[in-house]
Amino acid sequence: MAFIRTVRGDLNPSDLGVTYMHEHLYFLPPEPFASQDPDLRLDDLGAAIREVTWFKKAGGSAIVEMTTPELGRNPDVLRRISEASGVHIIATTGFNKAKFSASWVAERTPETLAEEMIRDLTHGINHSGVRAGVIKASSSLNEITPSEVTVFKAAALAHQATGAPISTHTEAGTMALEQIQLLTSAGVSPQRILIGHLDRHLDPDYLLTVARTGVYLGFDQISKEKYAPDSRRIEMIKQLVAEGHADQIMLSGDLARKSYWPSFGFGNGPGLTYILWRFVSRLIEEGLPPVTVQRFLIDNPARFLAWVEK
C-alpha cells in the first residue's frame, strides 16, 4: 500500500491535501554565512508555529521541509511545529550544494552516504524517531561538483533501496538536464524526480525540454520578484499546461528568510499564505481551470510523495 512519510508518521496519500513542495521552517546556515546574513536564520519555534498555522487557516494541509543537516535540520522542532499547527510536514534526508555541505561529504562514497540516507528514511533522524519522507540532492551554478555527483549517486541508491522520491536543488535553475541524466542513468524513474527552482530559469525552450523528460517541475520561488515577476511564472505555467505537462507542475515559495515571514514582524513579507491567497487566484484569473490548479497543489504532490517501502 502506498503511503507518504511525515514527521508524525505515515499518511494515506488521499489525506495529504494542499501541499507546498519546497519550504524551510527551521533553518540555521553554518558560519560565516549566518553572521554575514542574519536574515537567513529561521530559528524561532513560535514564529514558525504561527506562520504554519496561518498557512493552515488559508487552506494549506502539508509542507515539504527541505532543510538538510548542514543547514540546521531539526526533526524534533519539525514534529513540534506539525503537532501544534495540525499541518503535515515531510522532512528531508540528503545534502545541499557543495558551498554549504560539510567537508566530510566529499570524502564519502555514494554507498556510505546512501546508508545514512536510508537510515533517516527507515529508522529515524538522529535517534529522534522522526523519519524523512523525501531525498534531497543539490548542484551548484552551472556545474555539478564531484562531491555533488557523489550525493546524486547516493540519492539514487537510497531511492532504489526504499522507494522514497528525490527532490533536487538547482542553482538558478541550471543543470536540470544533467541532474536528470545522473539520476535516470542510475535507474531512477523520471516520475520519482522533482527538479527544484526551475522558475529561476524561465526560458520556454529549456523548460519544455526538461518537461519532456517526464520529471516533476518545481515552480517554488513564487512571490520573489527579485528573480522574476509572478506574471512571467504564470505565462510559463500556462505554456507548460498547453503542451500537456499539467500533471508535472508543483508549487512553493522557498521562503528561507525572516523578512519573508509576517510572523517575524515583517509586514511586507509574502508569508506562507501568499500562494493560496494571491497566486492561485491569479492563475485562475489568467484562464487556468480550478481543477488544473488543484493538480498542482494536491494531486501531483500526493502522487509524487507516495512511496511503497521495499
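Glycine too: its Cβ is placed from the backbone N, Cα and C atoms.
Of the residues His123, His159, His197, His201, TrEMBL places His197 in the same Zn(2+) 2 site as Lys136, His169. For the Zn(2+) 1 site, TrEMBL records His22, His24, Lys136, and the single candidate of Asp247, Asp254 listed with them is Asp254. Report note: the Zn(2+) 1 site is defined by His22, His24, Lys136, Asp254, and the residues of the same chain whose CB lies within 8 Å of the CB centroid of those residues, excluding them, are Glu23, Val64, Glu65, Met66, Thr67, Thr92, Ser167, His169, Gly196, Asp220, Ser252, Ala256.
Between the CA atoms of Lys136 (Zn(2+) 1 binding site) and His197 (Zn(2+) 2 binding site) there is a gap of 13 Å. When the Cα atoms are compared, His169 (Zn(2+) 2 binding site) and His22 (Zn(2+) 1 binding site) turn out to be 10 Å apart.
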